[in-house]
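Structure first, then comments.
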Amino acid sequence: MTANKQVRAVLLAALMVFSVFAGSIAFTGTAAAAATSATVSPDTVDKGPSASVDVTVNSGGANDVHVWLDLNDDGYYNASEPNSTDTAAATATLSLSIPESVSAGEYNVSAAESASLTAGTTQQEAYDTLDVVAANPADFNSATHFDDGTPKVEVAFDEAVTVNEMNVTDGETNLSQSVSVSSGQVNVTLSQVYTDDLEVTYNVTDTSGNTATATEDVTFAPIYVANESNNTAYQGSNVAVVASAVDTDVEVEGADDDNNYQFSGSTGPNSQVFVFDTDGKTLDTYQFTVGGAQKAQVDVRDLGLELTVDDLNITTKDGIEGSVSANAGDRTVDIVALDDDGDEVEDTETTVTLNGQGEADFNLSSVDAGEYTIEATDAFTGVTLESDTVTVSKAKDSTGDFASSVINEQVGDVAEITVTLDGTDTGTVTIGDYSLGYSANVTVEDDNDDGEVVLLFNSYAPKKTSSFDVDDSDDEYTVEDITTDIPSGETLDAGDYDLEVATGGEADNVATLVLEDRSTDSVATWTAPTGADLTETEDVYDAIENENLTQTDSLANGDVVVTQVSATGLEGAFDASNFDALSGTQFNLTVEQTNPGPNRDAKVLGINSSSATIIADGDNDTYFIVYDLDDVSASRTDYYDNTSTLYEVEDDDAFNATFTVLEDGDLAEDDESASDEFEVVTPELELDQDEFAVGNAAEQSISGTATVAPGTELTIRVTSDGDTQPRFLKTASVYVQADGTFSSAFDFSEQNLNDTFEVTASVDSGTADDATADGIVGEAMETTTAAETTTTEESTETTTTEESTEEPTETATATEEPTEEATEETTESSTPGFGVVVALVALVAAALLAVRRDN
């Protein structure tokens, strides 16, 4: 080889080596821009609407960082795979949301560093695994009620939660005061310590969005310990050992050498409370090591709760008596009877307080035949003791009877069947029998222990179980069966129906229910003052007694009308339905004009529950329809039609009120009617004299008459007029009497002879115009004999009272003692301190001052 060729070969070899070296350098530079590691936290996640994990990625920092959940495990990014992107950084932490649609399983979380994330992007060296597990809402761990200075209930879950609802109740009332949440620990503060059984109802959501809803029992721990202070707990109660942090280890051991009790536990996740149950534990001092450092202890003692039942074999006529005692006095103990299933027997609960010696007696009400135990519970500690079995047998002499051997009622009414019970509180009543086409068996229970049950039987709807009821809400009834051939909706026929009462499965006594034919007896018209409040039966009868509701055939327009219907057999219909539903099907009340005038149809008033108040007094077979003439309208049609032209009731209209029980209904075979007529007059007041001449003495009468309803309150004013001096004003409140008159006595003893005045009478409520008259004061007539004086006093007592009556319903004859208001006379006077001369001097001085200023 020539020298030139050798040199050329060396140069070519050097060039090849340099090319390889340069390529290696270039390749190394490209590899630096890549994700090198990825870490997923947490590495397990529950499926849920808000599940997510954090992914920390180390990279070159030159490009954006991308992570994705490799659903198909192909090492590449697919467009449908969950992903997240962050800006370029050497270390980036990204939040990756896991959709609820992702199936449970193990997946790779892949990472890559590139300018963008597109389909086909390759997983680089960085990836980690993630377990997606099936949706699992937060689990309830515990709920403990204790008092560390603040009464509270700690509720612990197995993971962090958000509280949507958290209520602590005693079964009825929400006792929660406030709620605080720390991860999976929820503290509910209460206003006090509750010894009753508590429940917690919650609705919480975990971090994955899964919701848990439930109601759980609360454990009551009356003793709270957190240090080595002298803490005492009675055997059988719970002790709350409270740590300074959640999920803290707790070691328990007996202090005595002969007590080898040891236990290792913890407060549990998201709880600071370790509950130590002393039930069955040796009486000893127990020491707690909390978190390896915190020390606490409690002395477990015997409460010595004892329960004694006086007699373990009694009858249904006897109460359960006994006594309870303990080693500590002034304690509250709850006593209750338990049936053979261990359930509390209703109405047997009682609470006793132990005296200073720790003793108390109890007496529970009688119970049905069966086997029972008595449970005593110390209210504060929850220590419970149960008695031996108490056997209760049915008293042999228990009987049922009827208060009356014959019960009379009308078809359609409600029969009151009074059942008396002796030696038992239950009995079965049979009404009728198969031969009568109707038979019903109803069991009654005397829950108020008065020895009787009043069974109500609605003969208007005998086929329905709702046709039975009891008069006292404390008593109970059960319809066992009804056997009948009566078509639906029809009443029982008139006749005699056998009654039978049985206790213990055997018939004790019998009686007879006599259903008589019903009748439509009468209609009467009454009137009351404008605005009278008549809504209940008592209101009507009180108004009649006080003469504020009077029977009439003439009433003033604007006053209240009361139509009284007397008819038997309607009580059951009114109990089962209402006036509007019954009108047109069972009966009609028509108030029709009798004087419409020539070429005009009669007015028919629209009487219904909207325009009238219906008051049913079924016990007395009386029904009141109350309406105000100002509130009802009328149509000139055969029956009231609110779609036709409507008219008002006018003065001088006359009406006939007719109540008809319809033959097409269930209460009568033929139409039965009763009616009453009344006239509407102008509301007027009239004074008895055009000019009243009174004496200058007391007890001078002012009187008049009125067409408005008796009981209407009037105001009478006596006002001085003309040149009368001094001026005066006298007023009195009076009420229209049953005969349409009114009067009041006034005192004119301070007035002068020939003083003149004006009298005005006006209604306090209504449309009647005022009545006026003149008056003059004359010389008083002297009383010459004692007899005359006595007569005057009696007359005064019947016409006046010392004070006005605030409520007109108290008495229709009450009047108010007139009140006199003196009117001051008008007199002339000069301005104090100034005369004419002084005023002139002041004017001159002012003028001079003005001139001086001008100069």
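Keep in mind that glycine also has a Cβ here, set from the backbone N, Cα and C atoms.
Among the features that Swiss-Prot reports, compositional bias 'Low complexity' is placed at 782-802. Among the features that Swiss-Prot reports, compositional bias 'Acidic residues' is placed at 817-827. Under the heading N-linked glycosylation site, Swiss-Prot lists ASN83, ASN108, ASN174, ASN187, ASN203, ASN441, ASN548, ASN588, ASN620, ASN642, ASN656, ASN754 (among others), citing sequence analysis as support. Sequence annotations record features per position, and here Swiss-Prot assigns region 'Disordered' to 782-831. What Swiss-Prot records for 1-22 is signal peptide. Taken from Swiss-Prot, the feature transmembrane segment covers 831-851.
Shown on the structure are the features that Swiss-Prot records.
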residue : record                      : Cβ neighbours (10 Å)
ASN83   : N-linked glycosylation site : 18
ASN108  : N-linked glycosylation site : 19
ASN174  : N-linked glycosylation site : 10
ASN187  : N-linked glycosylation site : 17
ASN203  : N-linked glycosylation site : 15
ASN441  : N-linked glycosylation site : 17
ASN548  : N-linked glycosylation site : 28
ASN588  : N-linked glycosylation site : 18
ASN642  : N-linked glycosylation site : 12
ASN656  : N-linked glycosylation site : 15
Could you state the whole-number distance in Å separating the C-alpha atoms of ASN203 (N-linked glycosylation site) and ASN187 (N-linked glycosylation site)? 14
Top Cα neighbour of ASN441 (N-linked glycosylation site) in the set of glycosylation sites ASN108, ASN174, ASN187, ASN588, ASN656: ASN588
For ASN548 (N-linked glycosylation site), which of the three DSSP-derived states applies: helix, strand, or coil? coil
DSSP secondary structure for ASN620 (N-linked glycosylation site), reduced to helix/strand/coil, please. helix
Enter the number of other CB atoms within 10 angstroms of the CB of ASN620 (N-linked glycosylation site). 11
If one measures from the C-alpha of ASN642 (N-linked glycosylation site) to the C-alpha of ASN754 (N-linked glycosylation site), what distance in angstrom results, rounded to a whole number? 60
Length of the line joining the Cα atoms of ASN187 (N-linked glycosylation site) and ASN620 (N-linked glycosylation site), in Å: 62
Students should find that the Cβ of ASN754 (N-linked glycosylation site) has, within 10 Å, a number of other Cβ atoms equal to 13
Based on Cα distances to ASN620 (N-linked glycosylation site), point out the closest of the glycosylation sites ASN108, ASN174, ASN754. ASN174
Spatial neighbour of ASN656 (N-linked glycosylation site) that is closest, considering only the glycosylation sites ASN83, ASN108, ASN174, ASN754 and their CA atoms: ASN754
Alpha-carbon spacing, ASN588 (N-linked glycosylation site) to ASN174 (N-linked glycosylation site), which is rounded to whole Å: 52
